[in-house]
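Feature list (source: TrEMBL):
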TRANSMEM  B:12-36  transmembrane segment
DOMAIN    B:58-273  domain 'ABC transmembrane type-1'
TRANSMEM  B:64-86  transmembrane segment
TRANSMEM  B:98-119  transmembrane segment
TRANSMEM  B:149-171  transmembrane segment
TRANSMEM  B:207-230  transmembrane segment
TRANSMEM  B:250-279  transmembrane segment
TRANSMEM  B:300-326  transmembrane segment
DOMAIN    B:358-550  domain 'ABC transmembrane type-1'
TRANSMEM  B:362-380  transmembrane segment
TRANSMEM  B:400-424  transmembrane segment
TRANSMEM  B:430-449  transmembrane segment
TRANSMEM  B:476-503  transmembrane segment
TRANSMEM  B:535-553  transmembrane segment
């Protein structure tokens, strides 16, 4: 369970978010929507521990009742998926996946895990391909599986579907939701697109107008 | 790179860069006012200046320095602007751009030696037209190189500086929106050259002012090029000073130090004069820019510049082609256009010497350049780290100081620094040579890496750190690996700068360590064209090779690495099967 209590955010003395609280159960996705500049991405950065120093925040975050906001990024075991898949362009697909799998797992097991992920993606033949050889949709899926292979305790999604064309978007949304449920971790999605929020089949919080809607 | 002590690291490296320059300047300034304890001179006086001003050679040298040091950058700028105005955004110009990097990479001395082979009375140019046009069956009694007016030196300087300025200008084209301005201007009916004159050149100049200053300072103070192809009785001031500094009569050092300070003053005066001339010129031409004329007679100035610029480039390539020809020549009598007999003997004969020189040259260049790369990466990472939350473009004091070694004349402080090396018992030491090379390599490596490093999409590294909690490993495997093309290019530039160093090697090495450059310059006037050709050819070969590798390897690196991985994993699988 990921919970945020009384989160407030201000920039240059101007309050952007006030007293925001929510909870996300494992395997569930909470979607956050709202106009640009309202502080949606900053909320994600607060949870990932990479907030810009010129933003002032108050509030607390907990994961399974353990305080998150006092931990460094490295200690948090957070997965973050952004608009850009950020696959390392100089590594093959399997190297990208292996990069994320913890080093304390045996080498043969790590290779099996990466190969299973490739099977799941339906691209076992692309193990040695470079990211640029994959389509946009394939790259987005690899990026998600790479993040999940790092075995995060919770997942943050920052408009991960916005760069995909509409036909692909539907497939990738379903894939992401399925994988999050399978990993059984809480996830927070920030998006502009109501269709994204609808597809995640969870709660949706709309910032700026201070109402929350359940789709 | 996780750096917690950014300020300390920057401070220490800045000090390490500035300390030798400061000591060198003090070591030149004090003897210029007759304070030189090693010679028992403890009283300040103006005697060295009085001796300097009583030397007729000083005035002749200053005159020559001014002629060559102003004419060369002026012509190089004119030709570079003309070539850019003529070819920018035209498909064939890409090929001209590709030709620039070899000339940029090749040490000055090699180009000067090639020009010597081309332009001297017995050079290839006269041979080409003899005897059928000139009637010469023996070399004419002309002074075509090392001429008293420094024309051949100016030509050599232009050949080296024009590609550099062109390279710098091409890098700024995006920031002045050249393509868009040309489209708008041409739609308004302006001719290409007029547009450049009225719209683009006035925007371009302020951006390239610093590189122009570097070129002017270099032209006024160059030693190796002037030794090979410049006038010698009298010579330019930098060469005269070198002779005075090396005079067996040690008291000449005091006058030479005063001369070195005078040379620095000459640079300041010329730069100030140049800026003043630019201000007056832009004021005078302002009204002309908006007179609405779509073309003008002044455009012809750019057209002539194109022709002369291309001629200079052609000269450079023919000069370079002559280096291997001479090194493979057995018999080449005047006025034959090509050797009548070829041989490998020259190279074989020179091989033991060339091997020694190559080992020294490569050892110094590789160590100095690797160190410069590591220092630059540390400085840039600490700069990025310390600018978190503020603008990355905000210059740090190091960003200004890095230009000091390039702008200051070598002759102005290297001899002062030599005194410190003697004091520390480091004279003639390989480490001292590498340290001095590093001082000149570092600015070029840092400035080349700065743009790509600070523009790096940091999210990749952040994502790597979220996926895998080993920051140092991630820094190398992700950030450094992704910046490979920029690092390779910076390495190639640093390497070629080190290969070209003449005075730092000579002064710190005291002749105990010779490199291809010091030996080629020393033997340039020996008359043994076959041996000098071999040396200059090698001197040109290594930088070109490293430049080529820097372009060739990075795009293929991942492909090769994956192919090797696949090969080894196949082999391992086969071995495993056998063992089963």
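Backbone N, Cα and C define each Cβ position, glycine as well.
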For the transmembrane segment (B:98-119): best-contacting stretch of B:64-86, B:400-424, B:476-503, by Cβ pairs under 8 Å: B:476-503
Intrachain neighbours beyond the transmembrane segment (B:476-503), with Cβ under 8 angstroms and 6 or more residues off its ends: 1, 104-109, 223-224, 227, 242, 361, 364-366, 368-370, 372-373, 376-377, 410-411, 414, 436-437, 440-442, 444-445, 448-449, 451-453, 456, 460-461, 464, 515-518, 521, 539, 542-543, 546-547, 549-551, 553-555, 557
Annotated stretches the transmembrane segment (B:207-230) and the transmembrane segment (B:64-86) touching (3 or more Cβ pairs under 8 Å): yes
Distal contacts, the transmembrane segment (B:250-279) - CB-CB under 8 A, six or more residues away: 28-34, 36, 39, 41, 47-49, 51-52, 55, 58, 62, 65-66, 69-70, 205, 212-213, 216-217, 220-221, 237-238, 240-241, 244, 407-409, 411-413, 415-416
